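Annotated in Swiss-Prot:
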- 4, 179, 180, 181, 203, 204: purine D-ribonucleoside binding site (BINDING)
- 20, 24, 43, 87, 88, 89, 90: phosphate binding site (BINDING)
- 204: active site, proton donor (ACT_SITE)
- 217: site 'Important for catalytic activity' (SITE)
């Protein structure tokens with residue numbers, strides 16, 4: 001048991017999917033997993049363990065942003081022995097190369113994250129995915145006919161921005177999308193010597209203004225889940 005996760009020893013798998021939305025965690029468990037057990041509902045942040053094609057997999061909601069995600073990632077690794085952390089979530093597209101509902105696999109994450117500014121005394125750290133997970137996810141997408149885009153993304157602390165135009169600079173340097181957790185996850189995984197990957201669905205596009213509905217963001221991103229779960233059973 002940890003401060004924010006009320007699971008018994010052995011209830012959490014070594015591979016954990018990390019959606020930000022706890023209701024998406026429930027949807028994933030109900031839709032894709034078998035023999036599901038609810039191991040956590042502290043603060044309404046649901047955690048489930050089940051099986052996918054016979055492989056034990058957990059799914060844990062994390063909340064939004066690096067500070068909230070970091071609490072759950074730390075406790076999963078330090079208290080429950082998680083070895084593979086796969087974030088599944090949404091992002092905003094910032095380049096014409098990605099469209100709404102595309103799957104993006106985040107190779108690395110530039111950021112404006114305050115935590116790393118403090119952690120590295122103002123120096124720049126390059127949060128990067130685990131290559132083994134990245135390679136498995138990319139090959140899995142290809143095998144299932146899913147046109148996943150692989151590249152750099154941008155992690156921001158601010159959901160509401162005064163000016164979105166500054167993200168054009170990041171797009172000019174190859175960033176595909178914006179989200180709020182990946183850089184923190186990759187940093188923590190490096191610190192604790194575990195594997196981490198972020199797989200995203202583009203839910204809206206800052207260039208075109210196109211967006212998905214709240215219901216779609218919760219329930220319909222099945223290509224992303226196919227890639228994540230088929231990757232998970234290889235670990």
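Cβ atoms here come from the backbone N, Cα and C positions, even for glycine.
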(message) Please identify, from the binding-site residues 4, 24, 43, 87, the residue with the sparsest Cβ neighbourhood, meaning fewest other Cβ atoms within 10 angstroms.
(response) 43
(request) Give the residue from the binding-site residues 179, 204 that has the most other Cβ atoms within 10 Å of its Cβ, counting over every protein chain displayed. (result) 179
(request) Return the residue, from the listed binding-site residues 20, 89, with the maximum count of other C-beta atoms within 10 angstroms of its C-beta. (result) 89
(request) Please tell me which one of the binding-site residues listed here (4, 179, 180, 203, 204) sits closest to residue 24 (phosphate binding site), measuring Cα to Cα? (result) 203
(message) Is it possible to get the count of other C-beta atoms within 10 angstroms of the C-beta of residue 90 (phosphate binding site)?
(response) 22
(message) Please report the distance from the Cα of residue 89 (phosphate binding site) to the Cα of residue 180 (purine D-ribonucleoside binding site), rounded to the nearest angstrom.
(response) 10
(message) Under a three-state reading of DSSP, tell me whether residue 20 (phosphate binding site) is helix, strand or coil.
(response) coil
